[in-house]
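First the structure, in the form of structure tokens, and then the observations on it.
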Amino acid sequence: MSRMAEQQLYIHGGYTSATSGRTFETINPANGNVLATVQAAGREDVDRAVKSAQQGQKIWAAMTAMERSRILRRAVDILRERNDELAKLETLDTGKAYSETSTVDIVTGADVLEYYAGLIPALEGSQIPLRETSFVYTRREPLGVVAGIGAWNYPIQIALWKSAPALAAGNAMIFKPSEVTPLTALKLAEIYSEAGLPDGVFNVLPGGGAETGQYLTEHPGIAKVSFTGGVASGKKVMANSAASSLKEVTMELGGKSPLIVFDDADLDLAADIAMMANFFSSGQVCTNGTRVFVPAKCKAAFEQKILARVERIRAGDVFDPQTNFGPLVSFPHRDNVLRYIAKGKEEGARVLCGGDVLKGDGFDNGAWVAPTVFTDCRDEMTIVREEIFGPVMSLLTYESEDEVIRRANDTDYGLAAGIVTADLNRAHRVMHQLEAGICWINTWGESPAEMPVGGYKHSGIGRENGVMTLQSYTQVKSIQVEMAKFQSIF
């Protein structure tokens, strides 16, 4: 693909040049080619976007629920019509295999938008009788202008996960995509405008987190920030949001999630789940089950089943429909993952497979890392304690149920957890003791629109998807009505 034209900001229904004068490049990680130069939003651009959003939000909130629902459903239709085009762009920007982006990223994002479009008419208040002459009624009103700050691993899906409930509740959103993968969020803005969204209701400001992101979190005109990213960045977002105007926040942060295989589990099923929990999207999924706990007596058999499945991984041309494994999203991220792999070797973990970059024709110019499995891991190892966000699985053994529960919970994270067992009594008993917000029994990874997702502990605050997320983009107004004559004590 030839280099794209310079990408601008999207404010008030159209593209506009940034006033900051700063630009950055977005790179195809499969081959190192520059895809485009992108303009970065500065403080004046954030001010412009907020003013635009304030204007658009008033128009949007004044529409009827059915009018808003129809516009968002029209956007869903356009997303599905343009699925292949958007998936190709997502593959170029992220490096993910087209077999994945064409069936997951836009598809699931559109599902979430459709879900919230259908919920808009159901967003209602309540009536509370006090006595014969008085009652209270409540209204759910939009917050106003909110900000979404996305991560680089699921660019358009995250933009939809954040914008769908916000817009459904009558808000306007200013969205900052990751500077690593900014392209499809701009296309989403085009689609919203084409669907009939009023100008300003969805503005997109590319730029770095330390500049554009900070300006958004500090801006007094923004009522809420929804952030997806790392824990350290999330803490800064929370601090800025609180210091500026006590903004509400939703935080979807990191994870180091446990996948527990019990001794009664079908080991073929468990190995299939472990593969998906570690190597889907080349391991760049926040919910990955990277700490795989296996009964000591099953270790050797499980290792062989994992090795057999690693042989089925097909890395290569990301547009080949048979390819199911792509490069990492960027060269700096590749180097960081390689540092973790080196640390694992240094601390005594045994490399079962992988452990290096992929080499050879088609790989040398890209950010490729081989699918890596470490065994003989211990809980104190760096690769077991810290989020790597790459194709690195750690196998650990255990002896008892109580032991594995304790060790699974021994982490600052609490995003996800999984169990593989034939005993559903055990599954529920153990799951109720695991400290994680997104949990799976005999499966892994699905996050449907109806399912609230979010973490415990350092993995986040608040939830995305589900009814409660729609409500989190509203504020409740309570109104008392008195029909009898008011009696003053004065």
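Just so it is clear, glycine is given a Cβ too, placed from its N, Cα and C backbone atoms.
The Cβ of Glu252 (active site, proton acceptor) lies under 8 Å from the Cβ of Ser226, Phe227, Thr228, Cys286, Val453, Gly454, Gly455, Ser459, Gly460, Glu464, each of which sits 6+ residues away along the same chain. Annotation source Swiss-Prot lists active site, proton acceptor at Glu252, citing sequence analysis.
Annotated active site, nucleophile per Swiss-Prot: Cys286, in sequence order, evidence recorded as sequence analysis. A simple way to gauge crowding: the CB of Cys286 (active site, nucleophile) has 25 other CB atoms within 10 angstroms, across all the protein chains here. Secondary structure at Cys286 (active site, nucleophile), as computed by DSSP, is coil.
The K(+) 1 binding site annotation in Swiss-Prot covers Thr26, Ile27, Asp93, Val180, and the record cites sequence analysis as its basis. Ile27 (K(+) 1 binding site) carries a strand DSSP state (E or B).
According to Swiss-Prot, the feature NAD(+) binding site maps to Gly150, Ala151, Trp152, Lys176, Pro177, Ser178, Glu179, Gly230, Val231, Ala232, Ser233, Gly254, Cys286, Glu387.
As annotated by Swiss-Prot, K(+) 2 binding site applies to Leu246, Lys457, Gly460. Reduced to three states, the DSSP call for Gly460 (K(+) 2 binding site) is strand.
The cysteine sulfenic acid (-SOH) annotation in Swiss-Prot covers Cys286 and is backed by sequence analysis.
Residue density at Glu248 (site 'Seems to be a necessary countercharge to the potassium cations'): 18 other Cβ atoms are found within 10 A of its Cβ, drawing on all protein chains shown. Swiss-Prot lists Glu248 with the feature site 'Seems to be a necessary countercharge to the potassium cations'.
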- [ ] Would you mind reading off the Cα separation of Glu179 (NAD(+) binding site) from Glu248 (site 'Seems to be a necessary countercharge to the potassium cations'), to the nearest angstrom?
- [x] 24
Task: Spatial neighbours, same chain, of Val231 (NAD(+) binding site) - Cβ under 8 Å, 6+ residues apart - done: Leu253, Gly254, Asp412, His458, Ser459
TODO: Select one residue from Ile27, Val180, Leu246: among these binding-site residues, choose the one with the most other Cβ atoms within 10 Å of its Cβ.
DONE: Ile27
Open item on the list: Please report the distance from the Cα of Pro177 (NAD(+) binding site) to the Cα of Asp93 (K(+) 1 binding site), rounded to the nearest angstrom.
Closed with: 12
- [ ] Show, in sequence order, which residues other than Thr26, Ile27, Asp93, Val180 on the same chain lie with their Cβ within 8 Å of the centre of the Cβ atoms of the K(+) 1 site.
- [x] Glu25, Asn28, Pro29, Leu35, Thr94, Trp152, Glu179, Thr181, Pro182, Leu183, Val329, Ser330
- [ ] Let me know the DSSP-derived helix, strand or coil state of Glu248 (site 'Seems to be a necessary countercharge to the potassium cations'), please.
- [x] strand
- [ ] To the nearest whole angstrom, state the Cα distance for the pair Val180 (K(+) 1 binding site) and Glu248 (site 'Seems to be a necessary countercharge to the potassium cations').
- [x] 26
